[in-house]
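A quick write-up on the structure given underneath.
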Amino acid sequence: MSDKPLTDVTFSSFDLHPALVAGLESAGFTRCTPIQALTLPVALPGGDVAGQAQTGTGKTLAFLVAVMNRLLNRPALADRKPEDPRALILAPTRELAIQIHKDAVKFGADLGLRFALVYGGVDYDKQRELLQQGVDVIIATPGRLIDYVKQHKVVSLHACEICVLDEADRMFDLGFIKDIRFLLRRMPERGTRQTLLFSATLSHRVLELAYEHMNEPEKLVVETETITAARVRQRIYFPSDDEKQTLLLGLLSRSEGARTMVFVNTKAFVERVARTLERHGYRVGVLSGDVPQKKRESLLNRFQKGQLEILVATDVAARGLHIDGVKYVYNYDLPFDAEDYVHRIGRTARLGEEGDAISFACERYAMSLPDIEAYIEQKIPVEPVTSELLTPLPRAARVPVEGEEADDEAGDSVGTIFREAREQRAAEEQRRGGGRSGPGGGSRSGSGGGRRDGASAGADGKPRPRRKPRVEGEAPAAAAQTEKPVVAAAAAQAPSVGMADAERAPRKRRRRRNGRPVEGAEPAVASTPIAAPAAPRKPTQVVATPVRAANKSSGSPSLLGRIGRRLRSLVSGN
């Protein structure tokens, strides 16, 4: 990025399809950003591109223009069926795929192109029906698309003439590289297919992928004075763990009304921080892997509309999402990866705007700071944690935004969101027949929890009796239960026998599990009546003979004894 995010190059100066130019102008795009001005002269004639540019520089529009212009100006491959896609755009995360699809529809709705958005976490059958009907462009995450290609043969990529890999470095981080190679092998060979690759960093592994599956790609790098956005004002505080929430509330109270994102490292802290902010009167949304996909989309949409003041998220929202007007980004937890820091603060100061990036370096995550400063090649200014900042200012009455009343009635509180998420996850695990929690699941606590703590429901809906571990040589449980009354009655009438007869019954070995005796693994009940115990015999006392006493009573004295007697005889003169 630079202080001048737009160049003097206009989209109309390129040989674009007239309908595409009209769509760009109607969407408000007239001049190119640096990455767009570098990419389009290479991509429009059909060349492969390996582009490096930071987030928020307009990479999405660069490859969307190249894809749509190719599909509008060039005929499809000869062996293409009407339902086969002509272009594939791959993104590492669902949120990024949704954002790309939204931008594509924004200025490409009137071009006659059919778009399909494919990602996990939503209705599988609806996406399959859409693909079977036929589309021109698929915008997808690798996992769900491979499921359609590999397992169900829903879609074929043999006629895909252009492929885009967005955030390629993130693909490696998330372990998608094998999936990417699998999909590229199902497309036309690289001499026929055009491939556009974009990444925040063109590392060795990214370039290796480019040269392996691309046709002599041209490496394009947007030179910047700094890796981070020039208009981001960065500062860092060093609070203790106990001061972080109070400091966050104090800083938020001094920036009332500003659209804010708060990043944390774990899903558990998303819920904890969001609950704290909600208790203090803030309207909060959450983005993490625990939140269902539909709810994530709804919360993100409300945040973009201004119905939510703060969005608390993990790194799932750190890349690719373009949210207008984000003024503050808080790193509540410093990220472990320096690149994640750059992508987090890239949510603000996009396309020439200004913003603030505020980080907390507590004792738990402060060790990441040297790597971050080395990566961005600058020292982050340090601000002191004062008692004034730890005191939140009184909040002014907030003017409600249109649509907030309906959302309040829907009950989209943080607690409700996570409770519904846990219930939905438990229901899905039960529906799949597995899982360690929920009814019938196998949890060690709760009613109906599994073998140890409760019985699962039978075919008639009634709870089954708990099944005891079977011991080797033991009769079946049902037979043993039916014999218990008979055995008890016979035992009462049986004559007494000696203890020796009772001891002749075979002993059953007690099985052990994980070093602990299995509960209920007692010796099996004999099929014959159990004899009543005989009267106890008087115990026999066994007296051990001391060793020295035994030596004294023996006929042969010890060596020391013989020496002693010899000395005494010499002294006495005998």
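Residue 1 is the first one shown; counting continues down the chain.
Cβ atoms are placed via backbone N, Cα and C, with glycine included.
Swiss-Prot assigns the feature motif 'DEAD box' to one of the listed ranges (166-169, 222-225, 290-293, 410-413), namely 166-169.
Between the stretches 9-37, 38-66, 299-327, Swiss-Prot puts its motif 'Q motif' entry on 9-37.
Confidence in the domain 'Helicase C-terminal' (231-393), given as mean pLDDT, stands at 90.
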